[in-house]
Structures are given as C-alpha cells and as structure tokens.
Amino acid sequence: MITYNGGNYDVVVVGAGHAGCEAALATARMGYSTMMLTMSLDAIAMLPCNPSIGGTGKGHLVREIDALGGEMGLNIDKTFIQSRMLNTAKGPAVHSLRAQADKTRYHIEMKKMLENEPNLHLLQGEVVDIIVEDNTVKGVVTKTGAIYYGKAVILATGVYLKSKIFMGEVNYESGPNGLFPALYLSEKLKALGCNMRRFKTGTPARIHKDSIDFSKVSVQIEDEEIVPFSFMNEALEKEQIPCWLTRTTEETHRIIKENLGRSAMYRGDIESTGPRYCPSIEDKIVRFSEKPSHQIFIEPEGAETKEMYIQGFSTSLPEEVQVQMVRSVIGLENAIIMRPAYAIEYDCIDPTQLKASLEVKHINNLFSAGQFNGSSGYEEAAAQGLMAGINAVLKIRGEDPFILDRSEAYIGVLIDDLVTKGTNEPYRMMTSRSEYRLVLRQDNADLRLTEKGYALGLVKEDRYERYLLKKEHIKNEMERLKTTNVSPTIANPVLERAESTPIKVGMSLYDLLKRPELTYENIKEIDGTRPQDLMKDAQFQCEVMIKYEGYIEKQLRQIDQFKKLENKKLREDIDYNEIDGLRIEARQKLNAIRPLSVGQASRISGVSPADISVLLIYLEQKRRKKGEVE
C-alpha cells in the first residue's frame, strides 16, 4: 500500500459511536487537536438497536456523563419523544430516567455538535492498522493509505470489527444496519499482542406503524412531568409520543419451538457469547418454558418515521419465520416487517488488558472505550469514551490519570468491573452492581462529579455557577427546615389528613419530613417560610437526605472502610512471584491485572482474603523498611 502523511494531531479517535463522540468532544474541549475517523459520517451516534437512552442503571451513567461535562444528556434532552422515570415505586437509589429517542434527530444533533467543535476534525475512513514504535502508539493508517499521527489514539470501534450478521441459515460479513464491517484491524491488534475475543448481540425487527392494530394493544403513557437528563435543564415541555405494550401467544411459542433448529444460535453457527440481560426471544422461550407469554413493547423510532421497534423480540431466526412469529403476536396479526431482526457477532478486547485509565497496558498512549472493551449499551460506551478522552489528554500532559472509584460513581463501578474482573459476556450496567447505590443516586450526580469536571476543564462557567447555586440552596434549606418549628395546633390537621401520628409538642419541619408518609408537598400549608425561588432539584435533595439520613450515614461509614483498602496503593511494577505466602493462582492473577490498590486486588476473581492479608503484610514491611532508611 502506498501511504502518505494525512496530518499530525494530539489525539486520533477511531469510531464515532457513543464512545467515540464523548471521547472526541472531551479531548477537543480540553484544548487538544483531535482527528475523528468513522466508517460512515451518516452513522455518527447511531442507535442501531433500541431507540432509547437511559433505563435502570444506565440513566445513572447518563447523569454522571452530564455532570462531568459530557454531551449525551444534553443531546437526548433535545431529541427525546417520550420520557419516563422507572422504578418510582421503589426508593430513590434505583429511580432511573429513560427517554425514547428520535434516532434520526439524535444522530443529526450530535453530528452538528461535533462539526461545530473548533479543535475537532471529522473524516470518513476505515482504519486498517495502528503504528506502534517502542511499545508506544504513534498513529493510525487508513484503507486509502493516509497516516494520521497522534500523541494518543482512542479505539472506539463498537461492533464493527470482523462483524458478521446472522439470520437463520444466512450469514454474511456486515456491520449493523447494512453498514460496512471493519475486517482488517482485529488481526493487526492481535499481532500487537492484544487478546481478542468474540461477542454477539442482536436486534429485533422493525414494523410499519400502519400495520399495527392499536385496538388490541395497551398504550404506555409517558410521565406528565418531564425530568431532564441534563442538570443544565430545569424543566422541559414537549408533546410526547406514546409506546405500546402487547404479549406473545401460544402460537408464537409454537412457531419458535418448531424452528429452533433454524436459529443461528441453536444451529451452532454463533459460538460467541451474547448479553445475559437482553436474551433473544427464542432463548427466553427455551429458558422460561413454563411462561405462557412474554411482554413485548412497541416503540416509535422517531417523530418523522413509521418504523416501530419491537422491544423484547430480538432473534436470529430466518426472515420467513420472523414474519410468522411477528404476526402471531396480539395486535400484530397483519404486521409488515420493514427491517428484519438479526444477530451480529464481532471482535472485542479482553478488558483485563486495560489499566483503570482505559489505556492498554502493553501499548503506551493507546486507549479504548465502549463495546470494543466488552460492554453493551450506548450509555456504558459513552461513559467509557468520556473517561478515555480525559485520560488520553492527561497522559499527553504527563499528569496522573483521572480514575473514579466504586464509591464515587457508577462510571467507577463500570470500569472497575471491566478491568478488574473482566467479562465473559457483553457487560450491562445495573443498579445492583453498585455496593453504594444509596449514595450514588442519579439525582445527586452533579453534587458528586461537577467539581471534578470543572477541575478538568470540561465543565464550563455557566454549569459550574448553577451547581454552586444548587449547593447553596440545599445548605440554606436544610438549615431552615431544622430551625423552623410548627405547633400541634397548626400541624395536626395536616397530619391527620396524611394519616400521620399527631404531635403533642412543637416539632421542626426537618423531623416531620423524616416520616415516610409526609412529603414536601403535603406539608406545604404548614410551611409559611418556604422560599419561593427554591430550586426543584434542591428541594428533592433535601427530602431524600432527610428521609434516608440514617441509611446514608451507614453507607458513608461503609465507604470509609472501603477507602482504607483503596488508599493502600500497589506499584504497577511489583513482581508478585517474589511475595512469599501468595497462592499460585493469586500470583498469576495479580501479575496479569496489576491492581492499583489492595482494594482493587481484593475484587479480582481468584484472589482470596488470605492473599489480601499477605499483601497488607508486604506493604507494612515495605513501609517499615522505608522508615528505617529515612
């Protein structure tokens, strides 16, 4: 191949999905020239599967991205067509915002943002090779022979590496939605010593809206009050588009069971691992054979299209079987398929080869993010992209990496799980993965992370001022609630209506709000000094902090214990073979993962509590020797 110098940049980002977009915007906004290469400019921030952002655990990630100065939250606030808060019957720790996206507008708005970023250059092209000299990345080579040099390179290749589509007996090399696959980069990465693996995911069919019998399906109404994803938006008003709910039938299950032998997964054509928490419909029917039916959600793909997404109905069965299956579902008897379902298989890296900064351990200045790292989902990808972008800049500057631990953010949980434990299937974020979810709520992501984003230069002055104002409102309101007392004469009529125990002596509003049956709203008439300009976010924070005070304090004590082990740092160059007392498996795992702290070491599969005790003794001996020398 004849090559030529395409240009020199501080950072080269490979891929323009959700990881690539956040990575490129972060590096450019931090003042570094960035080249962003993508297989197709028409697929920037594409939503190839579910047309939604957020959901359980994922909504937390979007809020954290926003708090750090990322773009995903702002973009979905501009382009959503329906918004719902999930898990509202449970406590605030698991409340998760989810928005149905207009997928075309989502792409357009994100592309516009990238095009208008001064330090960012967008280019359509396929990267086929990576230049590495002396274990340090120097740039990338495209299919047309252009070499783009960079001080750091971020791989955000999504599901495109050697990607292959499966529909029954039919399979062919392709990216999602009929786009080109990237067929060459995987082998180059293997040659550079990267341990690659094969994962799979899938997407359901899209059907024509006019072919649905809406009289037979249930409408799923949106929330009246729209809660924005971005902390920069106080309130949003928009006419929303509903989703619908239906169910499979006995006939659906019969068709699937009779054709299981034609499923690419059950035929054995697909040997890779799929996402546990997003199984295909044939997998659900085999695994849960006792269930007479399964829920199916029908979701619009946008305001200007009649394509409808059938959530919960992904499959790798042949196209003609898909037609029968879809038409056996209640309300879809005359459904017309516009895009058939398919499974897609792709290459990704074993994430235990990455540092917590998302830098590849054996190749300096090469970072990676998103589905390439073994995760699933747009939100997980965007979170990693943001962190990879930040850390690429910090590496160029010669500064320490920016790492969030498990007690600081869901982003910290996500990355720690990937690089410490690895994953044998596409990793999905859920609230249950966090040990400290009462502290890591989606509503307080700005209070946890905005200060950090500001220090990095990603949070601009207007956002920072809004954050400071919210903090001040919370502080002042908490003080007011503690010092404002109400008498039994005033309080008891309100308490009676709320079926709350009457009081015999005066009580502060703070103590009244501790009662689970009382809310900010139903004590309004006995709260004569409530500020009229109190921010809604601040009001919510106060109520949560008061009601869950004891639980939060308990979790903060647990975090203090967690931090003690996290603060016991381990050098990256330790030879664990030389530490007496470690078991062979522990030595192998510790040498492979190279944890940054005793806390991280304790989370590695195969490292026992006894091994951790050995490490603590080793560190104490090192500390004493250092003290004696000094």
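Cβ coordinates come from backbone N, Cα and C, glycine included.
What Swiss-Prot records for this protein:
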BINDING   G15, A16, G17, H18, A19, G20  FAD binding site
BINDING   274-288  NAD(+) binding site
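Annotated features, which come from Swiss-Prot, shown on the structure.
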residue	record	Cβ within 10 Å
G15	FAD binding site	31
G17	FAD binding site	30
H18	FAD binding site	34
G274	NAD(+) binding site	22
R276	NAD(+) binding site	13
C278	NAD(+) binding site	19
E282	NAD(+) binding site	24
K284	NAD(+) binding site	18
V286	NAD(+) binding site	16
F288	NAD(+) binding site	10
Listed in sequence order, residues not in G15, A16, G17, H18, A19, G20 with Cβ within 8 Å of the centre of the FAD site Cβ atoms: V13, C21, E22, A23, T38, I44, A45, A156, G158, A369, G370, A381, G385
Proximal residue to A19 (FAD binding site) among binding-site residues R276, S280, E282, V286 (C-alpha distance): R276
Binding-site residues compared (A16, A19) - the one with the fewest other Cβ atoms within 10 Å: A16
Nonlocal neighbours by CB distance (under 8 Å) for S280 (NAD(+) binding site), same chain, sequence gap 6 or more: G202, S263, M265, G274, S314, T315, S316, A343
Per DSSP, three-state class assigned to E282 (NAD(+) binding site): helix
Cα-nearest neighbour of K284 (NAD(+) binding site) within the listed binding-site residues, G15, A16, H18, G20: H18
Cα-nearest neighbour of H18 (FAD binding site) within the listed binding-site residues, C278, E282, F288: C278
Cα distance (Å, whole number) from V286 (NAD(+) binding site) to G15 (FAD binding site): 36
Where H18 (FAD binding site) falls in three-state DSSP terms: helix
G17 (FAD binding site) and F288 (NAD(+) binding site), distance between Cα atoms, whole Å: 34
Three-class DSSP secondary structure - G274 (NAD(+) binding site): coil
In the chain carrying G20 (FAD binding site), residues 6 or more apart in sequence that have Cβ under 8 angstroms from it: V13, V14, M36, T38, I154, A156, G158, A369, G370, G385
